[in-house]
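J.: Sharing the features that TrEMBL gives for it:
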type	residues	note
SIGNAL	1-23	signal peptide
DISULFID	27-182	disulfide bond
BINDING	83, 85, 89, 133	Zn(2+) binding site
CARBOHYD	122	N-linked glycosylation site
């Protein structure tokens, strides 16, 4: 394969060999192919029963700087933890239905009572920076599948036990579950 390569053309000839090696790595930080088949992208539940997560385009996994895209599927009765993060988040509901719980008091001492918003196929919603929220699949007979876009990746998540837990007591989860395998630096204490 390499015999026909001129010295200036060596890198393009070697690219297929590098691509094979990177495809076997869980964290190929070489960018994204222009076109991909989502059904061929690895998915995992990361120890959370009822969740299927696919990082379609990620910062740690693919080298993106400004946005990250996930495809998540929640089985009936499953949900995210109550959490907040310092990035914007947009959801597009592809199938199923559920309830978004959103507490917009990020400047108070604790999230407070959340507002409930019904979500359904082809609906979209936006979660503002640092607003505590939780997404539930409240449909008893169908999976809830959402496309999620976040800004400023990788995401640092603050997790709450309940809606009355003070913001200062929220537990930091960084790197987040799907970024753990790609993160090489130890988390730093922010204080």
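Even glycines carry a Cβ here, placed using N, Cα and C.
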J.: Taking only the Cα atoms, work out how far residue 182 (disulfide bond) lies from residue 85 (Zn(2+) binding site), in Å, as a whole number.
T.: 20
J.: Between residue 133 (Zn(2+) binding site) and the residue listed as 'N-linked glycosylation site', how far is it from one CA atom to the other, in Å?
T.: 20
J.: Cβ within 8 angstroms of the Cβ centroid of 83, 85, 89, 133: which residues besides those meet this for the Zn(2+) site?
T.: 80, 84, 87, 127, 131, 132, 155, 157
J.: Cα distance, residue 83 (Zn(2+) binding site) to the residue listed as 'N-linked glycosylation site', nearest Å?
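T.: Spelling it out, the Cα of the residue listed as 'N-linked glycosylation site' and the Cα of residue 83 (Zn(2+) binding site) are 24 Å apart.
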